[in-house]
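These features come from Swiss-Prot:
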{"type": "BINDING", "residues": "E125, R126, D179", "note": "S-adenosyl-L-methionine binding site"}
Amino acid sequence: MIEQQAGSRIRVEALAVGGQEQAAQWAQRLGLPLTDAHADFALQLTDEGLQLQQLGDDAPGAVRVDFVEGAVAHRRLFGGGTGQMIAKAVGIQPGIRPSVLDATAGLGKDAFVLASLGCDMSLIERQPIIAALLEDGLARGRGDRDVGSIIARMRLLTGNSIDLIRAWTGEPPQVIYLDPMFPHREKTALVKKEMRLFRPLVGDDMDAPALLEAALALATHRVVVKRPRKAPCIDGLKPGYALDGKSSRYDIYPKKALKPKAATDESGA
């Protein structure tokens, strides 16, 4: 059940015809009311999917996860492919597509980019509302002709990233990717809207040092931390090197060199 804190009270409502039953299911699953006259947010069932809408006169537009159309789809088609800085940061090279755990998945945008480039992705999102939006977006994208094969490479886990990483079973990821919540300075309207919506629900990641420590213990090859370009490194072990962009920076914590799969298979034979 989600704790209803001051300034972040949420109700669930159906805007789509016939969506009342599904709204009731989400409300029960998340422990949220279907009616609350004093709610600050509404988790809304619409014909286009699940969305989060801040309530009030000056509220920004709703946020919904959409991997098929909009900005995410545009980035998939025209974003630069393997030349993108995030691709370089996780170690994508000819013949190398590492398995990646995105332990701060958010709305899944970075994970989708990496999946579209061929990486097998695990995603962790600890905030239940954001995880619900992401789950809904993945479900809708799974049936799409163009992106269904990409979504098939994305596995969503919900819960505390530190706990899930420490209790990880099975083959560990080669790379763990972290983008802890930090005051963003990007000037796009979309980022502003999402940050404005999510900050009351999520706050800053005060446990980022513990998350980095857990990630370093699990990842077999490297940990990558995305930061605003001028932000300090996360407290703890210093990165081996960094990749700087216009607004963001990727701190790289290398453990072992990534190799093409064929070379890895031959060496293990």
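Glycine too: its Cβ is placed from the backbone N, Cα and C atoms.
Long-range C-beta contacts of D179 (S-adenosyl-L-methionine binding site), restricted to its own chain and to partners at least six residues apart, with a cutoff below 8 Å, comprise D102, T104, G106, D110, V225, K226. With E125, R126, D179 listed as the residues that bind S-adenosyl-L-methionine, the site has a largest C-alpha separation of 13 Å.
Note on E125 (S-adenosyl-L-methionine binding site): other Cβ atoms within 10 Å of its Cβ, all shown chains, come to 26. Over all protein chains present, the Cβ of R126 (S-adenosyl-L-methionine binding site) has 19 other Cβ atoms lying within 10 Å. Take the mean position of the Cβ atoms of E125, R126, D179, the recorded S-adenosyl-L-methionine site; other residues of that chain with a Cβ within 8 Å of it are D102, A103, T104, A105, G106, L123, I124, Q127, I130, S161.
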